[in-house]
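Trainee: Sharing the feature lines straight out of Swiss-Prot:
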type: DOMAIN; residues: 171-260; note: domain 'BRCT 1'
type: DOMAIN; residues: 266-354; note: domain 'BRCT 2'
type: MOD_RES; residues: Thr359; note: phosphothreonine
type: MOD_RES; residues: Ser367; note: phosphoserine
type: MOD_RES; residues: Ser370; note: phosphoserine
type: MOD_RES; residues: Thr373; note: phosphothreonine
type: MOD_RES; residues: Ser376; note: phosphoserine
type: COMPBIAS; residues: 432-449; note: compositional bias 'Low complexity'
type: MOD_RES; residues: Thr444; note: phosphothreonine
type: DOMAIN; residues: 452-641; note: domain 'DH'
type: DOMAIN; residues: 675-794; note: domain 'PH'
type: MOD_RES; residues: Ser716; note: phosphoserine
type: MOD_RES; residues: Ser842; note: phosphoserine
type: MOD_RES; residues: Thr846; note: phosphothreonine
type: MOD_RES; residues: Ser861; note: phosphoserine
type: MOD_RES; residues: Ser866; note: phosphoserine
Amino acid sequence: MAENSVLTSTTGRTSLADSSIFDSKVTEISKENLLIGSTSYVEEEMPQIETRVILVQEAGKQEELIKALKTIKIMEVPVIKIKESCPGKSDEKLIKSVINMDIKVGFVKMESVEEFEGLDSPEFENVFVVTDFQDSVFNDLYKADCRVIGPPVVLNCSQKGEPLPFSCRPLYCTSMMNLVLCFTGFRKKEELVRLVTLVHHMGGVIRKDFNSKVTHLVANCTQGEKFRVAVSLGTPIMKPEWIYKAWERRNEQDFYAAVDDFRNEFKVPPFQDCILSFLGFSDEEKTNMEEMTEMQGGKYLPLGDERCTHLVVEENIVKDLPFEPSKKLYVVKQEWFWGSIQMDARAGETMYLYEKANTPELKKSVSMLSLNTPNSNRKRRRLKETLAQLSRETDVSPFPPRKRPSAEHSLSIGSLLDISNTPESSINYGDTPKSCTKSSKSSTPVPSKQSARWQVAKELYQTESNYVNILATIIQLFQVPLEEEGQRGGPILAPEEIKTIFGSIPDIFDVHTKIKDDLEDLIVNWDESKSIGDIFLKYSKDLVKTYPPFVNFFEMSKETIIKCEKQKPRFHAFLKINQAKPECGRQSLVELLIRPVQRLPSVALLLNDLKKHTADENPDKSTLEKAIGSLKEVMTHINEDKRKTEAQKQIFDVVYEVDGCPANLLSSHRSLVQRVETISLGEHPCDRGEQVTLFLFNDCLEIARKRHKVIGTFRSPHGQTRPPASLKHIHLMPLSQIKKVLDIRETEDCHNAFALLVRPPTEQANVLLSFQMTSDELPKENWLKMLCRHVANTICKADAENLIYTADPESFEVNTKDMDSTLSRASRAIKKTSKKVTRAFSFSKTPKRALRRALMTSHGSVEGRSPSSNDKHVMSRLSSTSSLAGIPSPSLVSLPSFFERRSHTLSRSTTHLI
């Protein structure tokens, strides 16, 4: 191919390019400097050549490979067009390009290089497919400068419908295609050459110098300029094992080395090659940081060990080092430690070096505060100026004093309405109001005589301003950075986790910013007749909208923070970094997020205090009462919504526990009343002896049986695993379908039994469902009363007691004898197996005559009574029980096919449940 024929024309010359022309020294990367050209000029000027694919040795025996080659009709061919710049001048311009050409010869099989002729013939463009890039055949082809590809390239092109690619180097697979790598820290040339070769075989590109085009840095150490630049640019820094493991998976289709799940296993951890020690931390914090050090690839040693590379210092506590550090030891602040974990790379130490807190001016000022009383006016004046300077330099934090952890845990959201009228119980905020959104319009004017009403109004404004600052801190320091795109090391939290944590905080911030601005206008232009109550009435609807969603889900927000902090080290580091900032007042995110929970009761206290100091003739007196009422209404909504939220959570638990539970069980008006564990005593709603769970809701009854075989765990897209569903849905029954509740008398053969007489709307007969309660926690009498009360509420009847009837077990052929015996369990298992075979032809026996006799005979053992009445015979029993029969049909209790199936399609009558 070195002496390819050239066709000359007046416009230029075109040559089939020798692969050597596209050597790495010329093009650096295979396709970056190539233009995908059209074949228009080639058809006119290119000599006719023949493209062909040659399967070498084992490649010719792979049926999958041969089948894939038959679907590929095109390959890329490199060409060089030689174009003269001007006629008569010797200057020539080389235009390199890659064109697509048809594969005229499908494929040729070859056993050895020697037997194949025409390797260098200009009449052919040959592509050799080799299965092993380590054997002698590959080496011979490589030395002959032939185009060599691996089977994965062919399979990939066939799958995607792409032409066979051109590469100036042997290309086994495309698992590193479009990746640009740079290496640092390698001292053994042989290892570096091996890694570079593998990258080229997988389609990757190598850069000697680090620049913005480099996608990955492969590092053998954590020092050097390339490492620091990669950290600053957020470029992933990888171990050499990443390349080796990717090469091991070279034959896998659809594998790509840059996929996060694979790549993250081989990222250089932040503390690789680092040995840390810690100073100034509590035992608990130190233990936590030592565990994080090992987790992030580092080691730790006791303080003062000469082998340590870094000393991490708690700069807020440590004022002086206990020893003189060596020149090789980095003494850094704790922010370096947490920052490295957050960015998932070792941060530069120079930005976080620990320095002693030297404040000579302050020391000089404080030194003047001696025990000796100044004897001159000059000393007194200097002392006064020093104290004034200290007071000006002291930044009063807008945050209240930090509470004990026990105080936080003792807070109950449900106690929001428990508002004391003592102003001493309100939080003592700082005296200097600050605003994160804008500065105050003017300094607060002080009336000549400060009234108590003005003092309380000023405190209300100050606390509101501080509260807005706290909300702004939450948003600016926590929420906004977490939501930013292009975070170094990838997103710290998933979007749904961020939404769960912060909820409606931005909406709360917007409302209170407006309230603060209105209060500021009122304070600046103070007048006793100005109405403060109008401000809160103005935004009462906004408060109702924004607060309940956040306060009701605060516990969920708190749990999400704790869970993510344990599972995600970068999030833990992010919280630690921000907690150390002065804006947070050394408080955690959970402690800051609890402020909205506390704010409304605090405002109500101040408004109550303001009302006390407002004259009766002042119009704001009545307005304040309305404002306090509106705040209580908001807190009432919070408590009601909290109860609704808990009720909805219970329904969700039922849905997850019951496999196949209908979706229409979820409804805003529905709540779970009681759960009862029972055993089925009849053939319906499931086989006798089956464990059945009844979920009583305020308007329906969910019937579920215990699963015979537990299904696999449910895994959400976010990796959280739910317990497997332990129950199987049978039927969701509206309470309106329950016509009577039968209290079965206690006998030797029947204990704790009851029955339900139901009328499905799609059937012409009543159905008897009998159960035995298995738990003694809830007495049967209480359960039946509860059930009848909700049935009566559903059908809009006041006489719930009339729904209960007492009956003898013999009348309905109900007994609980031997329910748990081995023989009974074996019998049920045999019966269940036989039903699977003959279900289509089986006709279950029914207690037809027994139930007819119990319901239709004028004298029997059934006595209609209320739960509170004494048992006695009722002579007019036929008339009293006629409602049980419904339709006087001989097939009154024929068991319908409605309960023959183990799961049912919802009937039309259940649509009202939605």
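Cβ atoms here come from the backbone N, Cα and C positions, even for glycine.
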Trainee: For the domain 'BRCT 1' (171-260), what's the mean pLDDT in this predicted model?
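Mentor: The predicted confidence over the domain 'BRCT 1' (171-260), as a mean pLDDT, is 90.
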Trainee: Between the stretches 171-260, 452-641, 675-794, which wins on the count of C-beta pairs under 8 angstroms to the domain 'BRCT 2' (266-354)?
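Mentor: Comparing 171-260, 452-641, 675-794 against the domain 'BRCT 2' (266-354), the winner is 452-641.
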Trainee: What does DSSP give as the helix, strand and coil breakdown of the domain 'PH' (675-794)?
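Mentor: Counts, helix then strand then coil: 18 helix, 54 strand, 48 coil.
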Trainee: In the domain 'BRCT 1' (171-260), how many residues does DSSP put in helix, strand and coil?
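Mentor: Result for the domain 'BRCT 1' (171-260), in helix, strand, coil order: 31 helix, 15 strand, 44 coil.
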